[in-house]
Amino acid sequence: MLRPNGSVFTPSVLTLIGIPGLESVQCWIGIPFCFMYLMAVIGNTLILVIIKYENSLHSPMYIFLAMLGATDIALSTCILPRMLGIFWFHLTEISFDACLLQMWLIHSFQATESGVLLAMALDRYVAICNPLRHASIFSQKLLTHIGISVILRAVVLVAPCIVLIKYRLKFYRTTVISHSYCEHMAIVKLATEDIRINKILGLFVAFTILGFDISFITLSYFQIFVTVFQLPQKEARLKAFNTCIAHICVFLQFYLLGFFSFFTHRFGSHIPPYVHILLSSLYLLVPPFLNPIVYGVKTKQIRDRVLKMIFSKRHPDH
């Protein structure tokens, strides 16, 4: 339904154009993206299977790692299949409600991942700074409560952004989204009405989740480093630090990529649009791809189990 001024009243279908400015090479960009997605799914599924069937890995640290792996699979699956449909098969149309659903899922899984990283940092903090109480604090009941809380927080905080778009913004200057997936600001900027409330809510949700999580993660690792460097023996310091190194790598890649994407999208008006889109796409693809590699390399129990699986398949007689 068109209005006299040319705006569209609540469109039923939106069009995702992919990466503006790089349409001619999108099919080639899709190849490394597809590779990263497949590796993310295989790597995280492998970690989930190892943790499930290896009884010695049923500890809080590995349960949180399993939660991270499941979130990574879900997050990358929300974005990649449809993105490849745009790049390879020109399937650019998406219904308005499906676009809002994709946006809600992506931002909810991002928030969930941030919450899991916070839980992992707190687990390492208690394990190193108060090891005698670790088992009693991180009980099965607490792990369940943490898992439910992390998911509920993400779902509840992101939902108002969807509701505001759905029921507040009625007129759209165009139905074409200059993006490769449905992202909050990319949809909001299509509206002809005042979008300040939507922008403020988006920033509030981002800073409530990321600001809270990063503050406590940083505080946890500060306390961990203080405790580790106070240990008298060098071997004990190295062992304690080694249990955290994988978490620190994952933590840095997730938040640094996130902040870089976030600030270039909002404040980098002089940066070409395709740089914004590529950065935001990589932000959703790189952590799920790298996380299983980081944990596979840095976590001895997982590394040993993977090697055992590989060599047992090569030498079935043994």
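Placed from the backbone N, Cα and C atoms, the Cβ positions cover glycine too.
Features of the protein shown, as given by TrEMBL:
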- 43-295: domain 'G-protein coupled receptors family 1 profile' (DOMAIN)
- 28-51: transmembrane segment (TRANSMEM)
- 63-89: transmembrane segment (TRANSMEM)
- 101-122: transmembrane segment (TRANSMEM)
- 142-165: transmembrane segment (TRANSMEM)
- 200-228: transmembrane segment (TRANSMEM)
- 240-262: transmembrane segment (TRANSMEM)
- 274-295: transmembrane segment (TRANSMEM)
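Note on the domain 'G-protein coupled receptors family 1 profile' (43-295): its mean pLDDT in the predicted model is 90. When Cβ-Cβ distances under 8 Å to the transmembrane segment (28-51) are tallied for each of 101-122, 200-228, 274-295, the top count falls to 274-295.
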